[in-house]
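Trainee: Sequence annotations record features per position, and here TrEMBL assigns transmembrane segment to 69-87, 140-161, 173-189, 201-222, 315-334, 346-363, 370-391, 403-422, 472-495, 516-536, 542-559. As annotated by TrEMBL, domain 'Sodium/calcium exchanger membrane region' applies to 79-216, 408-558.
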């Protein structure tokens, strides 16, 4: 029989309604009672995405004793590792190359691409999810967003610096730090009285709009200056003037234009190298070697990499081979660092059919939608076949077509789809860990959910840094959290305020909310001070410093969680 309890922070007392029990109460029951509790308690299924991990541990595996419980939990941990491998593979093989190609096509700099394309791509699904759950607990949402921002600006930035030290563009960095610091302080000031008025919500969203406008305007100012310098260089007559102008032109080109890099060694690929594939001699048969190239393209194990890899590397290649094989069938590859930019006529035609169907399956509202008497999936399939026929007639197997860049858009969208769904599954796993560990909502939000919801940003940013796009990854570490925090909090509270009678959104930042804001600001300002001392050279030592700051933040919160010390901002006056 399940006892009747209610939770008050971390303490449970007797009540009359068993449905007021937190899901974490399952750990206080006998092993034989846990399955029935999990199955009947609605809160336990709140964060299920594809698989119910609590039911798997306590029902499917049949955790009737400690050994079964540990075995089931171990299997879940192995599945989580496989999810991480999927995220890393998707970001490295598909997402980052496509992002670079699209940024080049749109004329974006690494900084602008990081705070727009990368931030929007990683953050939009989470924003939509939070807007669909405006009735949820604001304490969990708040600590999750601010805790995630501290994680990305501390831990992830530290990893990027350690992995590939580089010279930072200081003007853009200072701009991002000051904007984010002001935004964090403003959010805390608005939410601290536990009331969020509608105008405060609009101001929160407005801060992000102003930030984005400044970034875009600054980019176009640099572009205009670059154009003027090039025109001046063409008119100048002295050699010394030409040299000075040329140096300034090269400096501005590094700021305003993304440099396409080889995915294997991060060397810059020149523009003429990018177009080499379009200048070759063609054979008579446009489909020569069609199946041979197809089977080569879907092979998940590269022969060159296999020969170079050690035993551990070969084991890892075998582990990720099934994932890479499935992803290659779903997502088109557009990578200027690969042979023919990753073009395989037959494989790309297959991508055109499979990717839209996967999108429909992933978006539940579209899965069974019917137009007239015809399912949407059938209509999409017919359109895909028509596009395939057009691609077959207008392209060759030995050269990527001129519209190959359109496949980069599909690759970007498909990668975002995979990263979002896998990241949500990681959140589901980590929520299970939070329930089993019996942590408060604040602690779960700033740690487990913050890590889970940031895992897509982590793998995308680290993959970009590995491929030589440190500026883009660094910019995304500010643009992404600002996008999530300002729009997530602002839009959510605007909707909650509109739905209320007095246009006020009642909010809770929780015991750990002030901790999150305090340490986020400290991480931002201390990192700025450290970089000032190195003339904005991102050294490994500063990376270790950033990670240490985040670890101190977590340690401080854990000590507050287990009541070893008082969390910052809580009132503990003498009585």
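Numbers here mean position along the shown chain, with the first residue as 1.
Every residue, even glycine, has its Cβ placed from backbone N, Cα and C.
Whatever TrEMBL says is automated annotation, not expert-curated.
On a predicted model such as this, the values are computed, not experimentally measured, just so you know.
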Trainee: Give residue numbers and ranges for long-range contacts of the transmembrane segment (542-559): same chain, 6 or more residues beyond its ends, CB-CB under 8 A.
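Mentor: For the transmembrane segment (542-559), the sequence-distant neighbours (Cβ-Cβ under 8 Å, at least 6 residues beyond its ends) are 150-151, 153-155, 157-162, 165, 443, 446-447, 512, 515, 519, 522-523, 526-527, 530-531, 534, 565, 567-568.
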Trainee: With pairs closer than 6 in sequence left out, are the transmembrane segment (403-422) and the transmembrane segment (201-222) joined by 3 or more CB pairs under 8 Å?
Mentor: no
Trainee: Six or more residues beyond either end and a Cβ under 8 Å away: which residues meet both conditions relative to the transmembrane segment (346-363)?
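Mentor: Counting only partners 6 or more residues beyond its ends, the transmembrane segment (346-363) has Cβ contacts under 8 Å with 290-291, 293-294, 297-298, 328-332, 376-377, 380-381, 383-385, 387-388, 391-392, 397, 407, 410, 413-414, 417, 421.
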Trainee: Would you kindly list the residues that approach the transmembrane segment (370-391) from elsewhere in its chain, counting only those six or more residues past its ends and only Cβ-Cβ distances under 8 Å?
Mentor: 345, 348-349, 352-353, 356-357, 360, 401
Trainee: Check the transmembrane segment (472-495) against each of 69-87, 140-161, 173-189, 403-422 and return whichever range has the most CB pairs under 8 Å.
Mentor: 140-161
Trainee: Six or more residues beyond either end and a Cβ under 8 Å away: which residues meet both conditions relative to the transmembrane segment (140-161)?
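Mentor: Residues 130, 180, 184, 187, 191, 441-447, 449-451, 453-454, 457-458, 461-462, 465, 470, 473-474, 477-478, 480-482, 484-485, 488-489, 492, 507-510, 512-513, 516-517, 519-520, 523-524, 527, 538-540, 542-547, 549-550, 553 contact the transmembrane segment (140-161) from elsewhere in the chain.
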